[in-house]
Amino acid sequence: MSWLFGLNRGQPEPPGVPGFPEPPSPPGGSGDGGDKNRPKDKWSNFDPTGLERAAKAARELDQSRHAKEALNLAKVQEETLQMEQQAKIKEYEAAVEQIKNEQIRVQSEEKRKTLNEETKQHQARAQYQDKLARQRYEDQLRQQQLQNEENLRRQEESVQKQEAMRKATVEHEMELRHKNDMLRIEAEAHARAKVERENADIIREQIRLKAAEHRQTVLESIKTAGTVFGEGFRTFISDWDKVTATVAGLTLLAVGVYTAKNGTGVAGRYIEARLGKPSLVRDTSRITVVEAIKHPIKISKRIFSKIQDALEGVILSPRLEERVRDIAIATRNTKANKGLYRNILMYGPPGTGKTLFAKKLAMHSSMDYAIMTGGDVAPMGREGVTAMHKVFDWAGTSKRGLLLFVDEADAFLRKRSTEKISEDLRATLNAFLYRTGEQSNKFMLVLASNQPEQFDWAINDRIDEIVHFDLPGLEERERLVRLYFDKYVLQPASEGKQRLKVAQFDYGKKCSELATLTEGMSGREISKLGVAWQAAAYASEDGILTEAMIDARVADAIRQHQQKMEWLKAEGKESTKEIGKNPLQPLLEGTPV
């Protein structure tokens, strides 16, 4: 016991105390060299002075009065050290237990991983077994299919062989039958020839008798027929009443055939002139039998309708409106007094109201109107002259008077001196000039053209009044915008039957703005704007026409109008270049009639 000698008093663990086992020393000795520096004798370095000091201390302790207290203190220290060692032992045991638990957890984890791996291996093995089974099954199916195909091929080969054998048998039978037939026919021919050779004199006698009888029969028939016809003709000639009746009947038959043939043609032309419509006329207000049958209500409304204002729905400048109103009044008075109508030429840009005014003029004057286009004349070729005469013949049969409106008249009423006009078109133009050479109280001729300078001089001579329809000004454009906005937008929206609504904005102000933006546009282009607004509203999801949609359509129309103007300028430059190539061409054009 070292504590008895006063040694190692501050150490936490006295030597030789039973309890926590000391860890073994590492193999190979201490770090100071191992067996190399270890002494050969274990008692060679023993120091006996320590024992002497211990013995001396023990004697002093026994002689001291505090020996008992020192002993108790040593016991207490020893107990404290033992308790500390026990606590360390418990900690060590807890650490060992934790290590065991960790080992158990690791073993469980390894076992779980092993089980998972075994499960995967089992699954892989099962999948592989299933794959092998499927492959075996597919191989079996393939083998079975190959076997079936082989059996089928063998059956087909067997059938083909049987069919070949059957065909060979049939061919052999046919060949034998043919040989037998040939032998039979040959035998019959030999027998027949032998019989004919033996009976040749009898056969010749029979033929001779039949020919004599036939000749006698024919001669007797000719004699009998001649006698009958001769007696009949003699009887017919002797009776003059029969001769007269026969001649009269043949004459009446010939006259009837000729009359029916020519009368049908005359009746057809009369019906076509009175009731039909010529092929050149595209549109007419004149009532025909076919239209009366197809549209009886429309025809009845037209008959009983009141006289309309000539400028109703037509928006023109004040000066032009005053002039065309005078023309309408003069035409109406001419119709009432059965005077001679005046021919009018209306020229100007397209879409300025020429066709609309012609229709309104006819309705205002209680006249029928017929519209034909100049572009329909040229394709007719040689039939153009006949068609032109049919138009004027049909116009002359109108009881109310007819306003014949020729739209795009410059398409066929060109100068005859130019090389571009064909002979058929030249003949049609001559027919037109012939039928319009004098004033008429049956029809009124109204020509419309965008290029009146291309007219033949004789056409200009037949015109009594020239009216220029210019593009609408600011005031006219505003009236047109308001008219078509009301017609295509406001009226459908107010009826409530259609899917069209208008957003809230100042309509009057917007119409004034649009009139300013649409400078240079014609009335037709403005009307198309109204249709575009309506289409935009129908195309929207909610059916509401907004101010932005109106502005977008107007901007698009302005861009298109500018593009058209650029094309027109380019075309004008090209025509100017062509005229510059032949400076004598304007002097050669025009042939007065």
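Every residue, even glycine, has its Cβ placed from backbone N, Cα and C.
Features as listed in Swiss-Prot:
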- 1-242: topological domain 'Mitochondrial intermembrane' (TOPO_DOM)
- 1-64: region 'Disordered' (REGION)
- 12-27: compositional bias 'Pro residues' (COMPBIAS)
- 33-44: compositional bias 'Basic and acidic residues' (COMPBIAS)
- 51-215: coiled coil (COILED)
- 53-64: compositional bias 'Basic and acidic residues' (COMPBIAS)
- 109-121: compositional bias 'Basic and acidic residues' (COMPBIAS)
- 109-129: region 'Disordered' (REGION)
- 145-164: region 'Disordered' (REGION)
- 150-164: compositional bias 'Basic and acidic residues' (COMPBIAS)
- 243-260: transmembrane segment (TRANSMEM)
- 261-593: topological domain 'Mitochondrial matrix' (TOPO_DOM)
- GLY348, PRO349, PRO350, GLY351, THR352, GLY353, LYS354, THR355: ATP binding site (BINDING)
- 570-580: compositional bias 'Basic and acidic residues' (COMPBIAS)
- 570-593: region 'Disordered' (REGION)
- Once the DSSP letters are reduced so that anything not helix or strand counts as coil, what is LYS354 (ATP binding site)? helix
- Using a 10 Å cut-off, grab the number of neighbouring Cβ atoms around the Cβ of PRO349 (ATP binding site), all chains included. 16
- Task: Specify the count of other C-beta atoms within 10 Å of the C-beta of PRO350 (ATP binding site).
- Result: 14
- Message: Most Cβ neighbours within 10 Å: which of the binding-site residues THR352, THR355 is it?
- Response: THR352
- Message: Other than GLY348, PRO349, PRO350, GLY351, THR352, GLY353, LYS354, THR355 themselves, what residues in this chain have Cβ atoms within 8 Å of the centroid of the ATP site's Cβ atoms?
- Response: ALA448, ASN450, PHE469, SER522, GLY523, ARG524
- Message: Cβ neighbours within 10 Å, counted over all protein chains: which one of the binding-site residues GLY348, GLY351, GLY353 has the most?
- Response: GLY353
- Mind giving me a neighbour count for LYS354 (ATP binding site)? Other Cβ atoms within 10 Å of its Cβ, every protein chain shown. 21
